[in-house]
Amino acid sequence: MIKEGFLIKTPKKLIALLGPSGSGKSALSIELAQELDAEIFSLDSLSIYKDINIASAKPSLKERKNIKHYALDHLNIDEKNNAPLFKTLLEDAMRVSSKEILLIVGGSSFYLKSILEGLSRMPKLSGEEVVKIEREIATLSNPYIFLKSIDPNMAFKIHPNDTYRTHKALEIFYATCTPPSEYFKANPKKPFEHAISLFALSIEKSALHNNIKRRTKNMLHSGLVEEIKALYTQYPKDSQPFKAIGVKESVLFLEKRLTLKELEEAITSNTMKLAKRQNTFNKTQFNNLYVGSAEEVRHAILKHSKSGIKG
């Protein structure tokens, strides 16, 4: 829309649709995007990778042709995804989208929480520096104990089993020679400048289990093992996507450490455990989160999006 020679940016209404794996987020998001003339931003730590289509349950080419999706097929297998990258991609999507509504859809709620709360500016490192730091951390017999020795305040905020956050804290220490808590004090978080309305799907446990079992069978019938085999022979074995559910079990099968039946059972079981963690995270980590069945959430999003309130 042009006014007096200036390009007036379309005001964006950001709506997040969260939920555990197998809860029906993708199907509902396609339905909502069609009804609301919206576009979709994929908040998924696996769909962001090229060539991982079956394991990530990526939207079909037909769905993507009808509705614009952002943050799909952005990374190569040997590249890393993280919250700052998703924030950059979300801001890019907001900038280029011509639609009034952008649906943020996915199961990687941890990244959304990080974006909402704000991200501290991280030290800029060259590829060589990253490799050197990774080697330093790899030599530690107990990274958490080491973090505790250099920065008790930071260690107190991190659970001993939270290897991801421990690793991130140690990266900052080795990159800056500064205790992470001091670094964050000097580089405070900047909360996200745009309001995001939050909705999450809740699904009865037995129905979710059936969905996940069916989804696993479909993935295997669609060629999951063949997809992973092609990638595992091409890329470094420690690449981030190879740790994901559906991928790591397929690798064990390819290494003849699981039978086909055990592979199916392992993917189903691990996806159920993930779904439980995702549910708990969504319900405990977000304020003002509307939780309901698919029909309840659909109705609430339609009502909200047609209201005059932005954000």
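Glycine is treated like the rest: Cβ placed from N, Cα and C.
Small disclaimer: the values here were computed from a predicted structure and weren't measured.
Per Swiss-Prot, the features are as follows:
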| type | residues | note |
| --- | --- | --- |
| BINDING | GLY19, PRO20, SER21, GLY22, SER23, GLY24, LYS25, SER26 | ATP binding site |
| BINDING | SER21, GLY22, SER23, GLY24, LYS25, SER26 | substrate binding site |
| REGION | 44-47 | region 'Interaction with substrate tRNA' |
| SITE | SER108 | site 'Interaction with substrate tRNA' |
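Feature map: annotations from Swiss-Prot on the structure.
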{"residue": "GLY19", "record": "ATP binding site", "Cβ within 10 Å": "28"}
{"residue": "PRO20", "record": "ATP binding site", "Cβ within 10 Å": "27"}
{"residue": "SER21", "record": "ATP binding site", "Cβ within 10 Å": "21"}
{"residue": "GLY22", "record": "ATP binding site", "Cβ within 10 Å": "26"}
{"residue": "SER23", "record": "ATP binding site", "Cβ within 10 Å": "26"}
{"residue": "GLY24", "record": "ATP binding site", "Cβ within 10 Å": "18"}
{"residue": "LYS25", "record": "ATP binding site", "Cβ within 10 Å": "25"}
{"residue": "SER26", "record": "ATP binding site", "Cβ within 10 Å": "21"}
{"residue": "SER108", "record": "site 'Interaction with substrate tRNA'", "Cβ within 10 Å": "20"}
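Counting residue by residue with DSSP, the region 'Interaction with substrate tRNA' (44-47) contains 0 helix, 0 strand, 4 coil. With respect to their backbone Cα atoms, LYS25 (ATP binding site) and SER108 (site 'Interaction with substrate tRNA') stand 12 Å from each other. Mean pLDDT across the region 'Interaction with substrate tRNA' (44-47) comes to 96 in this model. Residues GLY19, PRO20, ALA27, GLY107, LEU201, ASN211 surround the recorded substrate site, their Cβ atoms falling within 8 Å of the Cβ centroid of SER21, GLY22, SER23, GLY24, LYS25, SER26, which are themselves excluded. Cα to Cα, GLY22 (ATP binding site) and SER108 (site 'Interaction with substrate tRNA') are separated by 13 Å.
Within 8 Å of the centroid of the Cβ atoms of GLY19, PRO20, SER21, GLY22, SER23, GLY24, LYS25, SER26, where the record puts ATP, the same chain has further Cβ atoms from GLY107, LEU201, ILE203, ASN211, ALA275. DSSP gives LYS25 (ATP binding site) a helix state.
Comparing SER108 (site 'Interaction with substrate tRNA') with GLY24 (ATP binding site), their Cα atoms are 15 Å apart once rounded.
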